[in-house]
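Student: Before we start, here is the structure in question, set down as C-alpha cells.
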C-alpha cells in the first residue's frame with residue numbers, strides 16, 4: 001500500500017516536471033512581444049522623420065529665403081539650395097557603414113544627429129547664400145548617415161514577425177516629416193512681399209530652428225535605447241548582446257536568440273572585408289542586387305514626381321498647397337498600407353505589386369501628355385495618375401528596398417554594403433533631379449513618362465528573378481538560404 005503510494009507520488013512529480021518543461025518550450029517558441037522592441041524602433045524613426053523634414057523644408061520657404069538672402073530670380077542659386085544636401089547625403093552615406101561598424105548603431109544615430117543640428121542652426125542664422133549652402137551641406141551629411149543606420153538597426157533589433165511593419169514605420173516617419181515641413185512652411189510663403197514689416201524673415205528661419213528639437217531628441221533618447229545585439233556579438237561582447245536581447249525580446253527568448261545568432265554570425269569579427277570583396281569579390285552578386293534595386297527605385301521617376309508635382313498641378317489650375325497636401329496624404333496612406341501588409345503578404349509580393357502599379361499609373365500620365373487626351377480628360381489622367389503613382393510607390397518600392405536589403409545582406413558586410421547601396425540611391429536621385437526638366441524640354445512629357453514606366457516594368461522582372469522572400473525569417477535563416485542559393 002505504501003509502495004503504491006510512493007509510486008503514485010513519483011509519477012505525479014514526473015508528470016509535473018514534464019508539464020513544466022512543455023510550458024517552458026511553449027514560452028520559448030512563442031513570438032516575442034512587439035512592445036519591447038517597438039520603443040527602440042520608434043526613437044530610431046526620428047532619424048527618418050528628420051530625413052523627410054529636411055527634404056521638404058525648402059520647398060515652401062525657398063521664395064522667402066531667396067528674397068531675404070538676395071538671390072531671388074537666380075534659378076541656379078535656388079537649385080543649389082535645394083540640391084546641395086544631396087551631395088552631402090552622398091558623402092555621408094559612403095561613410096555610414098564604416099561608422100556603424102566602428103562605433104555601433106546607437107552612437108551612429110547620435111553622430112547622425114550632430115551635423116543636422118549644426119546645419120539647421122547655420123541655415124537658420126545664414127546671412128548670405130554661401131552660409132545657407134554650407135548649412136544645407138551639413139544637414140545633407142546627416143541625412144546620408146541616417147537611412148543606412150536606421151535600416152540596419154530595424155533589421156537587427158526587430159523580431160522576425162514584426163520586422164516588416166517596423167520597416168514601414170520608418171517610411172511613415174519620413175512621410176510625417178515631409179508633411180510637417182509643408183505645414184510649418186506655409187506661413188512663410190503666405191507673407192512673401194511683406195518686406196517692410198520683416199515678419200517673413202522670422203518665419204522661414206523658424207522652419208529650420210524647429211528641426212533642432214527632433215535632432216536633439218534623437219541624440220538624447222538613443223542613450224537609453226538598446227544597442228544592436230548583432231553588432232555586439234560580432235565584436236565579441238557576448239554578455240552585453242544577451243543583455244540587449246533581454247531588453248528587446250524578453251528574458252525567455254534570450255537563449256534561443258543567441259543560438260540563432262551564432263549560426264551565421266560566428267566568426268564575423270575576424271573577417272576582414274575589403275572594398276574589392278564587396279565590388280568584385282565573393283559578395284558581388286548580393287551587392288549587384290542591392291545597388292540595382294536602389295537604382296531602379298530612383299529610375300522609376302519617383303523623386304521627379306515629388307520635386308515637380310506642384311508644376312503639374314498648377315498647369316491645370318490647382319494651387320501648389322493643395323497639390324503638396326494631396327501628394328503627402330497619398331504617400332502616407334500607401335505607407336500605412338505597407339505597414340499592415342508587409343508581414344502578411346511579404347516583401348516580394350508588395351514590391352512586385354508596387355512596381356507594376358507604378359508602371360500602369362506612369363502609363364496614364366504618358367497618355368495624358370499625348371494628343372489623345374485633352375481638357376478635363378487630360379487633367380484627370382495626369383493628376384489621378386500622379387497620385388496613384390505616389391501611393392503605389394509608398395506601399396512597396398518606398399519602404400521595401402531598405403528593409404529587404406538589410407535582411408538579405410550577410411552580417412559581416414551589412415553596414416558597409418548598405419552604405420554603398422544607398423550611395424547609389426543618392427547618386428541616381430541627384431542625376432534624375434538634375435536632368436528631369438532638361439529632358440522634359442528635349443523629348444517631351446509623353447516619351448519621358450514612357451521611359452520611367454519602362455524602368456518600372458524592368459524592376460518587376462528584376463524583383464521576380466533576384467529578390468528573396470524574407471517574411472517571418474530570422475536574419476540567420478535568410479543568410480543561410482542565400483548561401484544555399486549561391487552554392488547550388
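Quick reminder: no glycine exception, Cβ is built from N, Cα and C everywhere.
What you see is a predicted model, and the numbers here were worked out from it, not measured in a lab.
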Student: When TrEMBL marks a stretch as transmembrane segment, which of 3-21, 117-135, 136-154 is it?
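Tutor: From TrEMBL, the annotated transmembrane segment range turns out to be 136-154.
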Student: If I count Cβ-Cβ pairs under 8 A between the transmembrane segment (443-463) and each of 286-310, 322-342, 349-373, 379-405, 417-437, which range comes out on top?
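Tutor: Between the candidates 286-310, 322-342, 349-373, 379-405, 417-437, the best contact partner of the transmembrane segment (443-463) is 349-373.
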Student: Test the contact criterion for the transmembrane segment (136-154) and the transmembrane segment (417-437): 3 or more CB pairs under 8 Å, pairs 6 or more apart in sequence, then answer yes or no.
Tutor: yes
Student: I need to check the long-range neighbours of the transmembrane segment (38-56): which residues 6 or more away from its ends have a CB within less than 8 Å of a CB in the stretch?
Tutor: 85, 109, 112-113, 116, 120, 139-140, 142-143, 146-147, 149-150, 153-154, 157-158, 162, 166, 169-182, 185, 211, 214-215, 217-218, 221-222, 225-226, 247-248
Student: When you scan the chain for residues with a C-beta under 8 Å from the transmembrane segment (76-99), skipping those not six or more beyond its ends, what do you find?
Tutor: 54-55, 58-59, 62, 65-66, 108, 111-112, 115, 129, 132-133, 136-149, 307, 415-420, 422-423, 425-427, 429-430, 433-434
Student: Find the member of 286-310, 322-342, 417-437 that has more C-beta pairs under 8 Å to the transmembrane segment (166-186) than any other listed stretch.
Tutor: 322-342
Student: State the non-local partners of the transmembrane segment (286-310) in its own chain: residues 6+ outside its ends, Cβ under 8 Å from one of its Cβ atoms.
Tutor: 59, 82, 278-279, 320, 323-324, 327, 355, 358, 362, 386, 389-390, 393, 397-398, 401, 404-405, 408-410, 417-418, 420-422, 424-425, 428-429, 432-433, 436-437, 448-449, 452, 455-456, 458-459, 462-463, 466-467, 482
Student: May I ask for the residues of the chain that lie six or more residues beyond the transmembrane segment (322-342) and have a Cβ under 8 Å from a Cβ within it?
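Tutor: For the transmembrane segment (322-342), the list is 59-60, 164-165, 167-169, 171-172, 174-176, 178-179, 182, 305-306, 309-310, 312-314, 350, 386-388, 390-396, 398-400, 403, 471.
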Student: On the 0 to 100 scale, where does the mean pLDDT of the domain 'Major facilitator superfamily (MFS) profile' (40-471) fall?
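Tutor: PLDDT averaged over the stretch: 86.
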